[in-house]
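Colleague: Below is the structure I would like to discuss, written out as structure tokens.
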Amino acid sequence: MALSGPEVEKQVPAEPRPGRKLQSWWSLVFCLCFYGFMAQMRPGESFITPYLLGPDKNFTQKQVTNEITPVLSYSYLAVLVPIFLLTDYLRYKPVLLLQGLSYVSVWLLLLFGSSVLHMQAMEFFFGITMAARIAYSSYIFSLVPAACYQRMAGYSRASVLLGVFTSSVLGQLLVTMGRVPFSTLNYISLAFLTFSLVLTLFLKRPKRSLFFNRGAPASAGASPSELDRMNLGQGQPTGGKLGRLPASWRDSVLAHMLRELGRTARLPQLRLWSLWWVFNSAGYYLIVYYVHILWNVVNPTTDTTRVYNGGADAASTLLGAVTSFAAGFVQLRWALWAELIIAVVTVLQAGLVFLMYRTSSIWLCYSAFVLFRGSYQFLVPVATFQIASSLSQELRALVFGVNTFLATVLKTIITLVVSDKRGLGLPVRSQFLIYFVYFLVLFVAYVLAALLTGLRHFRQGRRQPPPPAQELMSPMQEPAAQDGLAPEDGVRAVGEQRQQPEAKA
């Protein structure tokens, strides 16, 4: 049962008080954001592919495309679930240390490795760094009051995007204007990453985490979490298959969460956006992984000063930040228009992928990638909001984890079939043709879904009033505005959400 507004307001942690506590809070914010910025300072990352194909390493394009790059998808899939669990169990900081050590290992192998096996190991460590990103994104929320979650999310995301943008611009300037060779650029990246690893040692380790190390609430006024509410019902009988399991498993927190996860899967909007997350993000990351190889095919220049990969990455990061910000001001009835908006964005992505496949102009290829990345980033905050608005904090983490895992599985299967030498082993241009067909199929599926949704709403007609326009706000704000809840409890219980009319979902 949802608490009343005044009762919940008493439970919301207060803003940092003036004086020493406020100063300490801002110091913590600065340290976290500074670390997030420095961890992205890898000016050599945009130029790894031309570095591997150039005279420094002299690998063939077939080796990079069909033997080295596919390992990234495999390693990411292999370590994603263990790192997800270890992040919470070890309370974030050790996984941040692992990420820093893995980044250092990546650049040591880049600089001193000489064989395909060395580069495959480099991609393995890169997969670890990608899986460990969850440690930073969840770590920041374990050290600040719940009332500060929204601001911290904005600060941390801004620091990461600023770091990526600054790193890409710095790398491009060093290559184009400073005429710095790629090997020197990698030494500079190694120095930045070593510094960020040292910064990790000074980060505060939280005393509790989301699942394994719950302990007492951070403050006496903190509201109970969804897991706490689930624990209140442990003595109640359970039905279905869980009823035949041992009591210790049947009454466990994980069993309750899995049951609630199964119930939330019936929500139409959550199911739609989760499927978008799985299928579109799989295609998106395949493009991101292989576009640098395509750029080298389109523009196989030996003049390193005419390689503008860093500029393209910087422009795509900036456009992604702008479109993500703009998505927050979109006001639509997403229950009615979601499939159509997704279809429009997906057909745009398909067209841009086809342009990258066909063009012989490196500038058109750069521009298509920038627009492709920006269009994807536009829907990311929309999907995040639509998924998170009907879930508790714990279930959000679980749902996003499951979606990411399924997307990684799909991406790995496509990589094994299309890219790996043990599969079709296609050259990079042919791969982009496959990815174009992939997005085209998704577009057709979304158009059919949009037609079915429109037909259903048309048939309902005047039998019931349409749902109110839903403005894209933070997951904390939206339910608070609808139910009169405070930000910390600004989500409806899953059982209550399921009782709402289907059209409202």
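Each Cβ is built from the backbone N, Cα and C atoms, and glycine gets one as well.
From TrEMBL, here are the annotated features:
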{"type": "REGION", "residues": "462-505", "note": "region 'Disordered'"}
{"type": "TRANSMEM", "residues": "25-41", "note": "transmembrane segment"}
{"type": "TRANSMEM", "residues": "71-90", "note": "transmembrane segment"}
{"type": "TRANSMEM", "residues": "97-118", "note": "transmembrane segment"}
{"type": "TRANSMEM", "residues": "124-148", "note": "transmembrane segment"}
{"type": "TRANSMEM", "residues": "160-178", "note": "transmembrane segment"}
{"type": "TRANSMEM", "residues": "184-203", "note": "transmembrane segment"}
{"type": "TRANSMEM", "residues": "273-295", "note": "transmembrane segment"}
{"type": "TRANSMEM", "residues": "307-327", "note": "transmembrane segment"}
{"type": "TRANSMEM", "residues": "334-355", "note": "transmembrane segment"}
{"type": "TRANSMEM", "residues": "361-385", "note": "transmembrane segment"}
{"type": "TRANSMEM", "residues": "397-418", "note": "transmembrane segment"}
{"type": "TRANSMEM", "residues": "433-455", "note": "transmembrane segment"}
Colleague: Below 8 angstroms Cβ to Cβ, which residues of this chain, lying six or more residues outside the transmembrane segment (397-418), approach it?
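Modeller: Answer is 70, 73-74, 76-77, 80-81, 84, 134, 138, 210-211, 257, 261, 264, 270, 274, 277-279, 281-282, 285-286, 387, 391, 424, 426, 431, 434, 438.
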Colleague: Please work out whether the transmembrane segment (273-295) lies in contact with the transmembrane segment (97-118), by counting C-beta pairs under 8 angstroms that are 6 or more apart in sequence and asking whether there are at least 3.
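Modeller: No, the stretches stay apart by this measure.
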Colleague: Between the transmembrane segment (184-203) and the stretches 97-118, 307-327, 334-355, 361-385, 433-455, work out which stretch tops the count of Cβ pairs under 8 Å.
Modeller: 97-118
Colleague: Same chain only, please: residues at least 6 beyond the ends of the transmembrane segment (433-455) with a C-beta under 8 Å from a C-beta of the stretch. Say none if there are none.
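Modeller: Same-chain contacts beyond the flanks: 272, 279-280, 283, 286-287, 336, 338-340, 342-343, 346-347, 349-350, 353-354, 357, 414, 418, 426.
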Colleague: Taking the transmembrane segment (361-385) as reference, which of 25-41, 97-118, 307-327, 334-355 has the most Cβ pairs under 8 angstroms?
Modeller: 307-327
